[in-house]
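Chemist: Just dropping this structure here.
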Amino acid sequence: MTEVSTPDARTPDAPTPGDLSLLAALAQAALKAGAVILRIRAEGMQARLKTDESPVTAADLAAEELLRDELARLLPGVPVIAEEAVAEGRGETPADVFLLVDPLDGTREFVNASGEFTVNIGLVVDGVPAYGVVYGPAVEKLYAGAALVERRGHAFRARRAAGGPVEAAGWEPIRCRPMPEQGLVAVASRSHLDPDTAALLDTLDVAERISIGSALKFGLVAEGSADLYPRLGTVCEWDVAAGHALLRAAGGSVRRPDGSPLPYGRTASQYRVPAFIAFGAKP
């Protein structure tokens, strides 16, 4: 683990899959956004509803502004597709390489004073999530993964105090565990468990079901604490891309229910993902 115990956060010339310094820099951006979110949370906040009836707060907006600035400096010219900008009609156009950002995934959990919210940053290369950072500032959990081309990916987690430098994170490598033939551990949404997902879970040999908010669900599968995360209700690409990259890096996968690849950059559908299933490692 010496190669990333104190990762170099230099700015790379290009987003080459496997560049752990880029992963560290993306993690540092997430940490900064998390610090902003916690500050606004401590000061008190009010939520308003967007046109799709989902809540948005000052923390969403401030964290997204910070991330857009940080990512523009880190990866100049790479489009940033961010949730609140798209909601306001200011979304950029995806390219061969682009970023998908949810500045505050789990706003309902945030508003309800739960700590189960995250900052999600996913870098998509040629239609596939290659880098992902999922940071839960309130629970002090940081996950990061780089899915390498034609090589084993690198995935990590860290427990750390919010707002400190990424060099002090205390990185620990993680891998998905092989999926058992029976007695699965499944994770599902705490606030958005839809009937189709609930029905699917009832058909599986699930020994334990964990309900938790935001992209922390991907982290549980990536670290081997769970085997399966099905989501048959509609979400958006920025909810999934960071966790998808993390799982790829940890030896797992994310697919459509029919087994086909999950597409990204779908502007015609407003970046909506109708359904997916996230898996741990194959036995």
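Cβ coordinates come from backbone N, Cα and C, glycine included.
This is the feature table in TrEMBL:
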type	residues	note
BINDING	E83, L104, D105, G106, T107, D239	substrate binding site
BINDING	E83, D102, L104, D105, D239	Mg(2+) 1 binding site
BINDING	D102, D105, D239	Mg(2+) 2 binding site
Chemist: Where does G106 (substrate binding site) sit by DSSP, helix, strand or coil?
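Modeler: The three-state answer is coil.
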Chemist: Can you check what DSSP calls E83 (substrate binding site), collapsed to helix, strand or coil?
Modeler: helix
Chemist: Within 8 Å of the Cβ centre of E83, D102, L104, D105, D239, which other residues of the chain have their Cβ, at the recorded Mg(2+) 1 site?
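Modeler: Checked against the 8 Å cutoff, the neighbours are D60, V101, P103, G106, T107, T118, N120, S214, A215, C236, W238.
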Chemist: Can you give me the residues near the recorded Mg(2+) 2 site, meaning same chain, not D102, D105, D239 themselves, Cβ no more than 8 Å from the center of the site's Cβ atoms?
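Modeler: Going along the sequence, the neighbours appear as E83, L104, G106, T118, N120, S214, A215, V235, C236, W238, V240, A242.
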Chemist: What count of other C-beta atoms do you get within 10 angstroms of the C-beta of D105 (substrate binding site), across all chains shown?
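Modeler: Neighbour count, Cβ to Cβ under the 10 Å cut-off: 29.
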Chemist: State which of the following binding-site residues has the fewest other Cβ atoms within 10 Å around its Cβ: E83, L104, T107.
Modeler: T107
Chemist: Please report the number of other Cβ atoms within 10 Å of the Cβ of D102 (Mg(2+) 1 binding site).
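Modeler: So the number of other Cβ atoms within 10 Å of D102 (Mg(2+) 1 binding site) is 32.
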